Amino acid sequence: MSKPVPSVVTLVAGSGTTLDGATLRAALREAGLEHLQPDWLAPDHAADLFIESDDLAGLRARLTAALAGRAVDIVVQPVARRRKKLLVADMDSTMIEQECIDELADFAGIRAHVAAITAQAMAGEIDFEAALKARVALLAGLRLEQIETVLTRLTLTPGARALVATMRAQGARTALVSGGFTQFTQHVAARIGFDEAFANRLALADGVLTGAVLEPVQGRAAKRAALDDLRARLGLPRDATLAIGDGANDLDMLAAAGLGVAFRAKPKVAAAVKARIDHGDLTALLYVQGYRAEEIIGA
């Protein structure tokens, strides 16, 4: 039998819902954990439970069953190095609420077709790099001005700025790592406050998309490489890193991080990682690190 590990269970109510003390106490009784005393990070919203356990997955399963039907996210992890020093985040459908390439396809009158390919790629049903090149080829002839129009449509996922600002204030490095395009990542990174950004480059001729992506393509392997390179540059151990994403092309990056979090993710992604946020906004990632409501910047 493995040795019990000092662990923390973080429970965060979903957006627009609450987690009151009575509800949590009832869930703890049902899970056989009534001896645990919650440490409230945000009243009626987020709480920590500290426990020594050699079965973190089983612990999460018991609490999930006890809170069935309630929009509450549950993350179980070792206490050690809980606050991370590097954040690597996906962009589309993670830090922003849109898929940029689908928005751009609107201008070519092929949004539904491109969105269907995007959905397949993000679900891991087709190869990401091949799908990216196929979609970009369909956008040949669009102008840079149309990209600029798409930028005005983009909305940040609630909690995006607070997540980055709070972690940076505590000395963490933050990077936006996208399989999308630099024309979008530069804009989004600046709006949110990331330290740096990585993405693919669209081929242009006289301000018009040629339908090609410049090599090398930033796909699944490149996202993991970006995390590994940043960690090495900063001299950080693996467990000091946090990655977040929603698509199949994020899986290697999520697996390489000390804490890889599937955020409102595709089923294949949610099933593959140990931590997931299905109901809350991006501030949930701060509560998971033990930040209290009063420490969160701009929440």
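Positions of Cβ are set from backbone N, Cα and C atoms, glycine also.
Keep in mind that this is a model prediction, so the values were computed, not measured.
Database features (TrEMBL):
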- D90: active site, nucleophile (ACT_SITE)
- D92: active site, proton donor (ACT_SITE)
Which residues, sitting 6 or more apart from D90 (active site, nucleophile) on the same chain, put a CB under 8 Å from its CB?
V177, S178, G179, K223, I244, G245, D246, G247, D250, M253, F263
Cβ neighbour count (within 10 Å, all chains shown) around D92 (active site, proton donor):
25
